[in-house]
Amino acid sequence: MPGLFIFLVTGAAGQIAYSLLYSIAKGDVFGKDQPLVLLLLDITPMLPVLEGVVMELQDCALPLLREVIPTDKVDVAFKDLDAAILVGSMPRREGMERKDLLKANVAIFKSQGEALDKYAKKTVKVLVVGNPANTNCLIAAKSAPSIPKENFSCLTRLDHNRACFQVALRCGISANSVKNMIIWGNHSSTQYPDIHHCKVNVQGKDVTAFDAVKDDAWLKGEFISTVQQRGAAVIKARKLSSAMSAAKAICDHMRDIWTGTTEGEFFSMGVYSTGNPYGVPEDLIYSFPVSIKDKTWKIVDGLAINDFSRAKMDATAAELVEERDTAVSFLGV
């Protein structure tokens, strides 16, 4: 059996973590034979709630879960980590300007990046979920100079999964029959769900999404806006943000890092843009199609980009450049 795997979830008293922790603790992400130590970080006022989460995890009697450690201290939470999922962030409140949101989150993710740099293993894999996820991820990576920037990623798998299911629903097939969807750019309403390289398995045969759906106007219009606005639609309906679907996407993302992707298939992840083959500005965390092998992602190269896609990719990049420049101005460096 492998050695103990030390794993952190921040914002651990929140609703995403509540949907996430059971799947991780029972081995759905890092393997069915990988014993785990789970560290749960949240702010001090949430510690009583966290104690309840710990009790529930203990009461699941999961064979892989060796220890659960709730804490509000970064030196405890970030020590010797193999992996970290940074879920906790400052949510946007009514009347709050995006600039104020960025400023609050820069402080959080700067301190967490510094803690990763000081306490975690240099091989740690870090997934940022808390919004604005791309820019929060960039700030954490910049604040942890001794950890390779390739070890940081942000979650756009939820958008990817949303897009796959919309196509599957339209075609009357299962979601796993839709492959090689792409989410380009920011995890925001400017993201670009791109189906130009998507394959749909219909009656045992792979065809393009355009041939499967047979409605170009929908694919270039309502499909894109539905995916872009899905998070807001969930909040409007539930009065809470996505939790179950976000947790599933986190598991998918981390499992792919650990086990790799199938030859010829790719998924969407927010990763470091420097050196990318698609003309996206340097020094951003931007969602690309990636394949993964040996826990290392690689941006899928050689995909043709038409003028329609180029314009949408550039628009979301422009938003990320603006976010980055605003966020970096708050770093005080």
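One-based numbering along the chain as shown.
Even glycines carry a Cβ here, placed using N, Cα and C.
Note: TrEMBL annotation is automatic and uncurated.
Residues or ranges marked as domain 'Lactate/malate dehydrogenase N-terminal' by TrEMBL: 9-152.
Residue environment of Gly130 (NAD(+) binding site) contains 25 other Cβ atoms, counted within 10 Å of its Cβ in all protein chains. Sequence annotations record features per position, and here TrEMBL assigns NAD(+) binding site to Asp42, Asn105, Val129, Gly130, Asn131.
In sequence order, Arg92, Pro132 constitute the residues six or more apart from Arg98 (substrate binding site) in its chain with CB-CB distances below 8 Å. The feature substrate binding site is assigned by TrEMBL to Arg92, Arg98, Asn131, Arg162.
The domain 'Lactate/malate dehydrogenase C-terminal' feature in TrEMBL is assigned to 156-330.
Summarising the annotation, TrEMBL assigns active site, proton acceptor to His187. Neighbour count (other Cβ atoms within 10 Å of the Cβ, all protein chains): 29 for His187 (active site, proton acceptor).
Spacing of Gly130 (NAD(+) binding site) relative to Arg162 (substrate binding site) is 18 Å (Cα to Cα, whole number). The Cβ of Val129 (NAD(+) binding site) has 28 neighbouring Cβ atoms from other residues within 10 Å, across all protein chains displayed. Within the set of binding-site residues (Asn105, Asn131), the lowest number of other Cβ atoms found within 10 Å of a Cβ is recorded at Asn131. In the domain 'Lactate/malate dehydrogenase N-terminal' (9-152), the DSSP tally of helix, strand and coil residues is 66 helix, 24 strand, 54 coil. Here Asn131 (NAD(+) binding site) is positioned 8 angstrom away from His187 (active site, proton acceptor), judged by their C-alpha atoms. Rounded to a whole value, the Cα-Cα separation of Asp42 (NAD(+) binding site) and Arg162 (substrate binding site) is 28 Å.
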